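Student: Structure provided below as structure tokens; questions to follow.
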Amino acid sequence: MVLHSCLTGTTFHSLRTLTFRLLPYYPRPLLPLAIRSLSTSAAAVTHENQVVKPQWKAAIDFKWIRDNKDSVALNIKNRNSNANLELVVQLYDKLLNVQKEVEKLRAERNAVANKMKGKLEPSERQKLIEEGKNLKEELVTLEEELLKLTDELQQEAQSIPNMTHPDVPLGGEDSSTVRKMVGKPAEFSFPVKDHVQLGKELDLFDFDAAAEVSGSKFYYLKNEAVLLEMGLVNWAVSEAMKRGFTPLTTPEIVRSSVVEKCGFQPRGTNTQVYSIENSDQCLIGTAEIPVGGIHMDSILSESSLPLKYVAFSHCFRTEAGAAGAATRGLYRVHQFSKVEMFILCRPDESDSYHEELIGIEEELFSSLGFHFKTLDMASEDLGAPAYRKFDVEAWMPGLGRYGEISSASNCTDYQSRRLGIRYRPESSSSSSSSSKKGKNAAPTQFVHTLNATACAVPRMIVTLLENFQQEDGSVIIPEPLRPFMGGLQIIKPKHIQN
């Protein structure tokens, strides 16, 4: 299996999170199907003018985009997106005109066919045959143009980002606002070491061997660090299960189309996604992707919602462009273990579940004794799927700064419209007999999806080692983790261990 960096430009940490008029106070998303007469096998045109089949189509409401052009344009500007709204509107208007012409020609062809059913003079019949032939040729040409326009419109519109929560601060990352500050920075009476030095002295990592075997930004964990990784994972899964989440392990190779449907870009100049050569598959950068796909193209019952999952997986990221002292050691790596929470819910509940997710994260990190701040991330840092995103940044004394250890995003129905995940609201007014026949059944709606990181192992290890280091070079294990590490309370330098 040959891996190469799949070539697009959005980083995974900012790729978390369109919202719709499902409730009066929700901004309507950019997305019900505007074109119903075209099949999903419609042809698309590449830059080489070769006809290929598109992989999938999002349920984008092009009419809503056109009718709310000013709001959409402002949102694109606020999020610093490169989506081409003018082209989307132009393509949609052109498509509607071609669609009208197609319908007109079809009606004319049907009229000719009906005339030929009666008794006609040979000359009159021949005239109708010629007219029908000409109409058919015109129709074939227009239908081909319609298919091409449909795919071009779909491709352009898919790049339009989600709408944005009205409380999200505008601007770049520096404009993000602090929601909560927990704890205080640890105080030390001795020179502080960073996790790289601590790991070397405690014999916990081997970056040099990993660089020889795999390349830079890979690592071996050794000795107590192995127990620490397993302990962190089991602790995070256990804590999420206590809160009603169903545990999952996921595939770590998925189809490129699923990556795209979740809002990530597997191809481009600065992609964070590893693709598998000569295939349509990629390595996942987060369990959010395979968990998002587990109910793809399905209609859920309202009574089954919310669906809450906590998933363990390994994650793979190219970390294109990442370099410098701020990313050294375990802070930014190509492969790591992570525990991810994921919720599918009714649209009216996603704001409250977003608060629940960030609350769980804050509880978990507080219980470990971390000093951290929770941020309401600014509009330019959201990434296409996120309606709103909260980040958690923990104090890392060895690095001398705060570092992101987690995030929680409300993606509203941006992902579900691409993944095809709906639910059917229960209708108390419909009788059981009519419901069985599908009569008077409430129309389906798209679910809202949310994701949040319970534990990204390498950065948790960085935070733990640097905050709980002792003057003698040892590191204390926080109490909640000890039962998951065989009762281990402290990691000691090898020369002072009994």
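Glycine too: its Cβ is placed from the backbone N, Cα and C atoms.
Caution: TrEMBL annotation is automatic and unverified by curators.
Checked TrEMBL, it gives:
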BINDING   ARG317, THR318, GLU319, VAL333, HIS334, GLN335, PHE336, GLU404, ILE405, SER406, SER407  ATP binding site
DOMAIN    194-478  domain 'Aminoacyl-transfer RNA synthetases class-II family profile'
REGION    422-442  region 'Disordered'
SITE      THR453  site 'Important for serine binding'
Student: What does the structure give for the C-alpha distance between HIS334 (ATP binding site) and THR453 (site 'Important for serine binding')? Integer Å is fine.
Tutor: 17
Student: As a test of reading the model: what is the averaged pLDDT for the domain 'Aminoacyl-transfer RNA synthetases class-II family profile' (194-478)?
Tutor: 93
Student: What's the CA-CA gap between SER407 (ATP binding site) and THR453 (site 'Important for serine binding') in angstrom, rounded?
Tutor: 6
Student: Just jot down the residues in the same chain as PHE336 (ATP binding site), at least 6 apart in sequence, with C-beta under 8 A of its C-beta; none if empty.
Tutor: HIS314, CYS315, ALA456, VAL457, PRO458
Student: Do me a favour and check the Cα-Cα span between ARG317 (ATP binding site) and THR453 (site 'Important for serine binding'); whole Å is fine.
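Tutor: About 16 Å separate the Cα atoms of these two residues.
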Student: Sorry to bug you, but what's the C-alpha spacing from THR453 (site 'Important for serine binding') to ILE405 (ATP binding site), rounded to the closest Å?
Tutor: 8
Student: Return the residue, from the listed binding-site residues ARG317, HIS334, with the maximum count of other C-beta atoms within 10 angstroms of its C-beta.
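Tutor: Ranked by Cβ atoms within 10 Å, first place goes to ARG317.
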Student: If you count Cβ atoms within 10 Å of the Cβ of GLU319 (ATP binding site), leaving out that atom itself, what do you get?
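Tutor: GLU319 (ATP binding site): 19 neighbouring Cβ atoms within 10 Å.
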Student: List, in sequence order, the same-chain residues at least six positions removed whose CB sits under 8 Å from that of THR453 (site 'Important for serine binding')?
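Tutor: For THR453 (site 'Important for serine binding'), the qualifying residues are LYS338, VAL339, GLU340, MET341, GLU361, ILE405, SER406, SER407, ALA408.
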Student: Counting other Cβ atoms within 10 Å, pick out the least crowded of the binding-site residues ILE405, SER407.
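Tutor: Relative to the other binding-site residues in ILE405, SER407, ILE405 has the fewest Cβ atoms within 10 Å.
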Student: Give the maximum pairwise CA distance in Å, whole number, for the residues ARG317, THR318, GLU319, VAL333, HIS334, GLN335, PHE336, GLU404, ILE405, SER406, SER407 listed as binding ATP.
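Tutor: 19 Å is the greatest Cα spacing among the residues binding ATP.
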